[in-house]
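As structure tokens, the structure follows; a few thoughts come after it.
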Amino acid sequence: MLKIKLEKTTFENAKAECGLVFIVNKDFSHAWVKNKELLETFKYEGEGVFLDQENKILYVGVKEDDVHLLRESACLAVRTLKKLAFKSVKVGVYTCGAHSKDNALLENLKALFLGLKLGLYEYDTFKSNKKESVLKEAIVALELHKPCEKTCTNSLEKSAKEALKYAEIMTESLNIVRDLVNTPPMIGTPVYMAEVAQKVAKENHLEIHVHDEKFLEEKKMNAFLAVNKASLGVNPPRLIHLVYKPKKAKKKIALVGKGLTYDCGGLSLKPADYMVTMKADKGGGSAVIGLLNALAKLGVEAEVHGIIGATENMIGPAAYKPDDILISKEGKSIEVRNTDAEGRLVLADCLSYAQDLNPDVIVDFATLTGACVVGLGEFTSAIMGHNEELKNLFETSGLESGELLAKLPFNRHLKKLIESKIADVCNISSSRYGGAITAGLFLNEFIRDEFKDKWLHIDIAGPAYVEKEWDVNSFGASGAGVRACTAFVEELLKKA
């Protein structure tokens, strides 16, 4: 992992094998830009990367004066430096966007540091010829870019230390999620997921309760149990409950995650091509584990409960079937018409369990629907719920964190599509349209009236796992939901 070292020196005087200079909005007037004639000769116009071998400076373009593009460019920089086999790099302090805000410097330092640290991630556990990065150190010269001196009132050193702490915690938390989601299903079972949660709990002095199928039976969590029936005796289910309790808590927050460690679709079997990447169906539960790590280390003033429903959805003699009717923990009956709509069954019981804790806010995370990916693309998560203020807060704070989010509206016409003639609700819509929303409306059936305005549903099916590099994410798992929800909790507590 890349170590970031803060030094009270100028960029020119800092010692490293290579310098890193960002060209913001194609502006070459910065004092750190050397040998402009060379750049002109090679027609480098401030896009992509360019290595000045004579001065040992890597130039990286930042398309616009924007904090998110700075983060992405920092990530591109370390990936390039890794390929070039430099052992150390030095960089100065930049401010991109929002120059009128007092926290502009802090936010840009967070973006810079996070981009630098996330860029080197690669899931290579099973590669026999691992290529470990020789890039080990980034020196940050605490020299303030002159235009900032009039607009940023925060102390530079204080901001740098705060930003570095954030970047280190967020990188660790995201990598916990990435590693867990990327873990293949032969290893990443419900029991394994619980073991990862126990490690996080031990390191952060959290309470943890890991419940088996007997507990689920006692609590009448029959929808959850049904999904696991084909795996029971081989890979039994686990209800994982993590608890972070600070001395002073302004809010009680329940975070609920879908933890499908593998999903073949059950008897409503997926086509072979659609099964590939279904190890990532534990993205929501993994995000909750990462969030507990982040929120505990950041020391947020909220009591946070992380609830993960971990199970497989497989085929076998005991598998639950289309036409089954399940009685959920909430007491509502569910007509099963498609066993591949299983995540919502697990979440229904887990949300019921979460409501028993009487939280002030409930947020669930799930790789719930392919329809969400069709509607929003593979880089954007969906936000659903009843409370407009809460949805807006999650969207704005999440977007500021660097994640892409969009609100999807509930409506009475789509609600009719999950009605059942023989049970209280059907687990699948009667229409092929609006599938992301109808899945959210299904979950809504299990939210009690007193919690309707306290609940948000986040569908992370798109960005949780993408088979290519994008933004600050490597091939595979991204840790979707962690940055957004951390920012949401912090903003929520400011209003408490």
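These residue numbers are counts, starting from 1, taken along the chain as shown.
Cβ atoms here come from the backbone N, Cα and C positions, even for glycine.
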Listed co-binder of Mn(2+) 2 (same site as Lys258, Asp263, Asp281, source Swiss-Prot) among Glu195, Glu203, Glu342: Glu342
Non-site residues, in chain order, whose CB comes within 8 A of the mean position of the CB atoms of Asp263, Asp340, Glu342 at Mn(2+) 1: Val227, Leu260, Cys264, Gly265, Gly266, Ser268, Lys270, Asp281, Asn313, Thr339, Ala341, Gly343
Around the Cβ of Asp281 (Mn(2+) 2 binding site), the count of other Cβ atoms that are within 10 Å: 27
Beyond the site residues Lys258, Asp263, Asp281, Glu342: chain residues whose C-beta lies within 8 Å of the centroid, for Mn(2+) 2: Val227, Leu260, Met278, Lys282, Thr311, Asn313, Gly343, Val346, Ala366, Thr367
Secondary structure of Glu342 (Mn(2+) 2 binding site) (DSSP, helix/strand/coil): coil
Inter-residue Cα distance where the pair is Lys270 (active site) and Glu342 (Mn(2+) 2 binding site), in Å: 12
Distance, Lys270 (active site) to Lys258 (Mn(2+) 2 binding site) (CA atoms, angstrom): 19
Cβ neighbours within the same chain of Asp263 (Mn(2+) 2 binding site) - under 8 Å, at least six residues apart: Lys270, Met275, Met278, Asp281, Glu312, Asn313, Asp340, Glu342, Gly343
Other C-beta atoms that fall within 10 angstroms of the C-beta of Asp340 (Mn(2+) 1 binding site): 19
